[in-house]
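Q: I'd like to ask some things about the structure below.
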């Protein structure tokens, strides 16, 4: 029997399959490995950031800063590689340390000063975007042979699709994210925190460590996403990736995670990303639809999934009430 | 009708922060308070602050009411874009500015009704419900303008954004009038109390006989209307509707202004006056950065740091610490009373 808790995930998966089938019916070329590999490559940075966002949302918080952090990471890498002779790998480690620390600082502010995540990460968004401006206001190209090497890494599938490194990094991030969310103590704590802070406290969840850890994870993954984005575009630009946090939130919600926290799946976010990428690909294939339809369709999908979750919550609650009533009458009959 | 002493006490911290921001302005630009009267219009930096702050101040009015009901309206920036696009396309089609304004307000009202319907009838969390329109809204605005930046030259419409009435720029008149009107409406009637009741505990407010559903829809509609007005002003100011950039991130500025105004994101007691002062604080900070002649790259960083400082000062935890430090004498330190946990972002 399908448990109702898995239903949103299944519906997301079914939506993806159905949408892909519809697209493929209209344009058989959509089934080629080229399209599939591009779907992974083009959405790699969004996917990686969305994993972090899933953790944040599962814990009942929100992180508005990731778009800015991605832009900051790109500009930082570009400027460092232009100004110094530092090896890119070292620069990657350095920038990941910075973004992780940034996330941890936001988490600490949220926990210790008891400020709403919305406002703290909003200030973080301004700060990271501002830092990117300070580093450089214009687009800085990245030319380094190591970047060329990384960009040249791909697995050529039959049919001509090129599964590149960055798509692989995204898939790997999702796998690690799924394992961490469902198989570790930290993951349990995240779910517990999202289920209700008071209950989590009573359960003995280390709140401070978990909150700081969640936002540090989100910061770290935003940094990784920035690295992937710089590999994708070969440049750093402080005006890039504006509004990515919204796309990430939309992907998380479409993936079946409740924005109230405590319930959802990291795997669902992966399907959410693919659905959003699919809409864009379809619009490109169609050619007559304008780009703004992407936003409208994603908004509509968001609405549909929210309604679905709402309906499921109602249904489960009604079932629980019925069950309770049955037990109540049963015990009354016994006594 | 002067403000009551309690009102004054409520907005005192905000007034002090505003005074500090203005003092900073004077520090970097001694002529700050100098006001000129030329060509039938007031000129001066203070006038600029009031004028430039108009969109955020307008958004603030609606946002304060929404936040007072324990909600949040993320869609106001997108609604601004839609309203601007509608106004511009109506004017470009050859109708008068009054029709354009009414059409824009109608569009904003419909957006607000939609949000209110999702929140009050379908019982979707406000942050999620308004996210739908935030994501889709700019797409809709682009649909209206067909992806172009629609420019217009109707003097009536432009007057709303760049005009002057009795020497005072029109946007200032609009936001001050609307602010006073709404503040008066919620304070001179039971409306404000009812809204606060919903924010504190919606269930019990409903049990107490408040028609929370209708009231919630009204509050979101007011927010939509305010956003539409702000959108028209912004479009009129640049004589064009830019679906991509009109009102971009202004929802965040408006929320920030409400929070700086000392209103809790958890709903309950609210003050429109304090929120408006919050909006002016944000604008004064912008002005100080501008006047100081610092490279514009630093704007966002400085703004973020200043805002963080203001928020930390207002944080309940800090207030509690100060309270404990003051109270801790020879007797053992009392345990910190449990604070309501933050759930605002949910």
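First residue shown is number 1, and so on along the chain.
Including glycine, each Cβ sits where the backbone N, Cα and C put it.
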Q: According to TrEMBL, transmembrane segment applies to one of these ranges: B:191-213, B:214-236. Which one is it?
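A: It is B:214-236 that TrEMBL annotates as transmembrane segment.
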Q: If we call contact 3 or more Cβ pairs under 8 Å (sequence gap 6 or more), are the transmembrane segment (B:74-92) and the transmembrane segment (B:248-266) touching?
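A: Counting Cβ pairs under 8 Å, at least 3, so yes.
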Q: Decide whether the stretches the transmembrane segment (B:248-266) and the transmembrane segment (B:12-29) have at least 3 CB pairs under 8 angstroms, with pairs required to be 6 or more apart in sequence.
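A: These two segments touch.
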Q: Could you tell me whether the transmembrane segment (B:127-145) and the transmembrane segment (B:273-294) have 3+ CB pairs under 8 A, leaving out pairs under 6 positions apart?
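A: Not in contact, no.
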Q: Which listed range (B:98-120, B:157-186, B:214-236, B:300-325) shows the maximal number of Cβ pairs under 8 Å with respect to the transmembrane segment (B:49-67)?
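A: Comparing B:98-120, B:157-186, B:214-236, B:300-325 against the transmembrane segment (B:49-67), the winner is B:214-236.
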Q: Six or more residues beyond either end and a Cβ under 8 Å away: which residues meet both conditions relative to the transmembrane segment (B:214-236)?
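A: Distal contacts: 54-56, 58-59, 61-63, 65-66, 68-69, 71, 73, 75-77, 79-85, 87-88, 100-101, 104-105, 107-113, 115-117, 119-121, 157-162, 171, 174, 178, 182, 194-195, 198, 242, 246-247, 250.
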